[in-house]
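One structure is given here, and the rest of the page talks about it.
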Ligand SMILES: CC(=O)N[C@H]1[C@@H](OP(=O)(O)OP(=O)(O)OC[C@H]2O[C@@H](n3ccc(=O)[nH]c3=O)[C@H](O)[C@@H]2O)O[C@H](CO)[C@@H](O)[C@@H]1O
Ligand SMILES: C=C(OP(=O)(O)O)C(=O)O
């Protein structure tokens, strides 16, 4: 099995360019189904989730040519299936993003029910309620959801109970092909939703208000393929910012290739913790000259503090001079990483969806298990500043969302390697 081995204590310097955003690229790939023909996506991250979405599209009849490491030519001319099978949905929940586009393109979708995951139950009831309001009928059988829009979709007002990213995206992608006007009220406002709406508008859709709580969509008869560049990954950037805050040398490190406005609340909270973050065109410079200050953080939909940065922020706060409180409001099960950080010497008490973090002077390297994508990356980052060696296993989680993570850290001067070791459970 592969693990990531980190020798802590080496200062970081230099700069790194983040990849395209996972959470944007996956939805843009799904959206190509709406525009028969060849869409070129640029700045696509080379990560395992993108490979899974590629497999989903191929099952549906698309062909994908890898133009270069970060550009895909996706030809959806011959889409002949509307089924996202269990083995792919089980690998990656974001496969459910093909539901809206399939309804728009084929009038039908058969999607394996995603089930729970390490972060919690992760229901899709809001996707279904919203699509039902557009006229889609649903049936479930043998673990599959059957969605039928062959009678046509009609625009209407959908009020989401919670600003769900996935529900907003599926509703936008279905309603671009509905008859008349759809209004999504209490829509999610994440930058990745704006990227999706921008590409759909380039394809000929009529969407206004993406990035605000009210998105209005006027249905159109057809969409055409385009060339589109995926936005930079704000969460990958945030992860490197934490690495810099912990271990950059006196000159600091630069993190480029993303829009710092997409990390507004993260930058604000980190500045309150005593981290110096200077905005540059297309990135930031990070360094720290004082001991980390404690902070209160609660995760919220954008523009609030992203849940996808919660674990990384906990690493910082675990070394603060005082007690921090982090409240997780988005996923019920996203503190699993904390018990691994405790194995490295952190002092964390979890009470329901609150974490009380009493700062300690340092971490000690340990063998830890990556519980999920961001938790795994955060453990590697903690290892950078730990005393001695940290070994992080179950790194397939990290591979889902970080391209060349080890190489980028090595480029910063970190002593990190990916090594293949025998599985201790094998004889
Ligand atoms: C691939 C992708 O883009 N993933 C992101 C997306 O996930 P995702 O789109 O799954 O996140 P949502 O915003 O939909 O989910 C937020 C919360 O709402 C709940 N919920 C959601 C839909 C629904 O129909 N019913 C329901 O109860 C979920 O269980 C969760 O507790 O947004 C999350 C919140 O910013 C990020 O952490 C994920 O990285
Ligand atoms: C939770 C995440 O992704 P997903 O929704 O794909 O599980 C994430 O990117 O941190």
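Each residue's number is its place along the chain shown, starting with 1.
Glycine too: its Cβ is placed from the backbone N, Cα and C atoms.
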With 93, 308 listed by TrEMBL as binding UDP-N-acetyl-alpha-D-glucosamine, identify the candidate in 64, 74, 277, 330 belonging to that site.
330
Listing them in sequence order, which of the binding-site residues 22, 23, 93, 308, 330 have their Cα within 10 Å of that of residue 117 (active site, proton donor)?
93
DSSP state at residue 93 (UDP-N-acetyl-alpha-D-glucosamine binding site), helix/strand/coil:
helix
Under 8 Å between C-beta atoms and at least six apart in sequence, can you list the same-chain neighbours of residue 93 (UDP-N-acetyl-alpha-D-glucosamine binding site), or say none if there are none?
114, 117, 122
Could you please provide the mean pLDDT value for the domain 'Enolpyruvate transferase' (6-409)?
97
Can you give me the Cα-Cα distance between residue 23 (phosphoenolpyruvate binding site) and residue 308 (UDP-N-acetyl-alpha-D-glucosamine binding site) in Å, rounded to a whole number?
11
